[in-house]
Amino acid sequence: MESESESGAAADTPPLETLSFHGDEEIIEVVELDPGPPDPDDLAQEMEDVDFEEEEEEEGNEEGWVLEPQEGVVGSMEGPDDSEVTFALHSASVFCVSLDPKTNTLAVTGGEDDKAFVWRLSDGELLFECAGHKDSVTCAGFSHDSTLVATGDMSGLLKVWQVDTKEEVWSFEAGDLEWMEWHPRAPVLLAGTADGNTWMWKVPNGDCKTFQGPNCPATCGRVLPDGKRAVVGYEDGTIRIWDLKQGSPIHVLKGTEGHQGPLTCVATNQDGSLILTGSVDCQAKLVSATTGKVVGVFRPETVASQPSLGEGEESESNSVESLGFCSVMPLAAVGYLDGTLAIYDLATQTLRHQCQHQSGIVQLLWEAGTAVVYTCSLDGIVRLWDARTGRLLTDYRGHTAEILDFALSKDASLVVTTSGDHKAKVFCVQRPDR
């Protein structure tokens, strides 16, 4: 793979605060970036000070499932397969995957078979099953220090295990689950449910706090990097930025400021000053996390001529499925259901590149420290793109059905995918100089 040097690229780009976003409109407020990340100990202490309510909970089913035989781990499939390891213990579509953030040596996967497994990336060896779910496991992830792993199913049953002892340490039944995420600095778990609530628990003691949204599902959410706020998107198109300690919304975006359809995804930049939201209305909105104001709106050129959607209407042929910020250049990537990958310049708010896939994009991830963006799609292929040129660098194949989720190791040496073919795969990424 060849790529152009990016030296000087970031330096030649004018800073965001000197530019206008909406044509002749002026920027109302300049957001000053924090001098550095907050101290983890301070954040953990602040989370200790949060007033949680005591919630009654029912005891979960403690009966374990019978593990499938270890020979379910295989090394290859018939046909082209670029993967190094295939994990095949799931008996139905595998919906989600997450890597342990501390060592990037373990994966947790959850699937339609009501099961979740923690396994080793190097050889696919099963460490333990996260047993007891009665519905499809759609969310799974490790805590910030990799000591805990959480799984959540569609019915709203959440469970947490201690990784080293493989023992279940906490469980809770909330409403139908929409999303789940660990706090970036503390053993605190957040989740959004179909009743519009966002839940926050201390784990494992179970102290609970709820953030009541509108009377509709909380469809996506993300904790901001400072660990003190969270942004949540809702089915009615509204966006709320919550103060996690106070339990109150700092900003609410609705009507023309919000989306004209359910939100599908949300992302933040590295310092948490900017938020990107995506929706079935085919728009991606750039929001200042400080002021709560929309400072940019992105639509792909392929649908730019479509009439505006009315309230509650959805695009029949397209929607935003995934989005994210580049960490080294003022670029954002947006992936659409029609297979379009759009690279937008945040400084000029213009479309820089448009890369077409043969089928819908499921998810995208930026490689840390570079301008390379990864996409997975319904055709079962992982692709790497140079966002500076819009050029396809390489692709990785091996699945026989759509890819439903993927994760990238911190050093970008491994891509781990899950698929409708009942498999999870580990691909080794060749990394020339970016």
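Glycine residues also receive a Cβ, built from the backbone N, Cα and C atoms like all the rest.
Annotated features in Swiss-Prot:
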REGION    1-63  region 'Disordered'
MOD_RES   Ser20  phosphoserine
COMPBIAS  39-62  compositional bias 'Acidic residues'
REPEAT    89-129  repeat 'WD 1'
REPEAT    132-171  repeat 'WD 2'
REPEAT    173-212  repeat 'WD 3'
REPEAT    214-254  repeat 'WD 4'
REPEAT    258-299  repeat 'WD 5'
REPEAT    315-354  repeat 'WD 6'
REPEAT    356-395  repeat 'WD 7'
REPEAT    398-433  repeat 'WD 8'
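With DSSP states grouped into helix (H, G, I), strand (E, B) and coil, the repeat 'WD 5' (258-299) comes out at 0 helix, 22 strand, 20 coil. DSSP states for the repeat 'WD 3' (173-212), grouped as helix (H, G, I), strand (E, B) and coil, give 0 helix, 24 strand, 16 coil. Tertiary proximity for the repeat 'WD 7' (356-395) is limited to same-chain residues at least six positions away from its ends with a CB under 8 Å from its CB atoms, namely 1, 3-4, 6, 9, 321-329, 331, 333, 335-341, 343, 401-408, 410, 412, 415, 417, 419, 421, 427, 429-430, 434. Comparison of 89-129, 214-254, 258-299 by number of C-beta pairs under 8 angstroms to the repeat 'WD 8' (398-433) places 89-129 first.
Confidence in the repeat 'WD 4' (214-254), given as mean pLDDT, stands at 98.
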